[in-house]
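Worksheet for the structure shown next.
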């Protein structure tokens with residue numbers, strides 16, 4: 001979001017404090033609130049549909065199955081990316097937001113607001129499922145490791161690395177086919193959920209885990225889904241950024257600004 005440059009004028013008292021105050025006020029503009037609303041709604045519908053299909057599968061003696069659950073997760077992410085991606089960037093995930101900020105693709109001043117919107121949306125979505133299906137479905141689609149915590153931690157790191165590697169490519173590289181972003185990201189979610197779902201729950205998303213955990217008051221292994229996805233997303237973003245310029249001659253790279261400077265000027269085009 002563009003910042004307004006407020007210059008000093010003669011006779012201005014405490015100019016530094018005034019500029020700082022105006023700068024803080026400019027953070028929360030109408031366009032930024034629209035981004036937060038888009039993040040909230042996208043995360044809400046993602047968790048509602050994704051965790052909802054898990055609850056329905058449990059109530060119907062696993063009639064949907066792991067394949068059906070994975071398809072629903074992939075489809076809802078794809079649909080929401082195409083729906084609000086051009087407004088907010090369609091993060092829906094604190095790990096994605098943190099990874100973009102760490103790799104200079106997202107303003108650090110907006111990170112906390114995005115994460116709050118995502119977590120609140122997840123809590124409300126899980127609460128909605130609790131109201132619809134009743135207290136007997138106490139976990140409301142919560143992610144719980146089926147094996148050891150370490151096994152799930154490693155798996156969450158790897159699948160989130162994979163997810164963020166794809167996201168960084170289709171969302172920030174001009175050479176990628178941007179129109180295919182939703183399909184690529186949704187397909188990655190589907191693939192990860194297919195094989196990792198039975199082991200770790202294939203969260204890849206701290207907000208997706210926190211919402212159901214808070215509503216159900218069930219925190220078994222929740223640390224796995226905070227640490228693994230965040231570290232995996234950061235590593236995935238930086239891994240892609242480390243190879244994105246390798247098609248250019250070394251002399252061309254050296255003549256241009258440094259990699260970090262280039263990344264610092266790039267913003268997620270969504």
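The chain as shown is numbered from 1 upward.
Heads up, the Cβ atoms here are built off N, Cα and C, so glycines get one too.
Values in this document were obtained by computation on a predicted structure and should not be read as measured data.
TrEMBL lists 36-56 (among others) with the feature transmembrane segment.
Feature annotation from TrEMBL assigns transmembrane segment to 68-90 (among others).
Positions annotated as transmembrane segment by TrEMBL: 111-133 (among others). Long-range Cβ contacts of the transmembrane segment (111-133) within its own chain (Cβ-Cβ under 8 Å, at least 6 residues beyond either end) map to 32, 35-37, 39-48, 51-52, 55, 59, 88, 91-94, 97-98, 101, 140-141, 206-208, 210-212, 214-216.
According to TrEMBL, the feature transmembrane segment maps to 153-171 (among others). Residues 89, 95-96, 99, 103, 105, 177-178, 180-181, 184-185, 188-189, 192, 196, 199-200, 202-204, 224-225, 227-237, 239-241, 268-270 of the same chain, all 6+ positions outside the transmembrane segment (153-171), place their C-beta atoms under 8 angstroms from a C-beta of that stretch.
The transmembrane segment feature in TrEMBL is assigned to 183-202 (among others).
Summarising the annotation, TrEMBL assigns transmembrane segment to 222-240 (among others).
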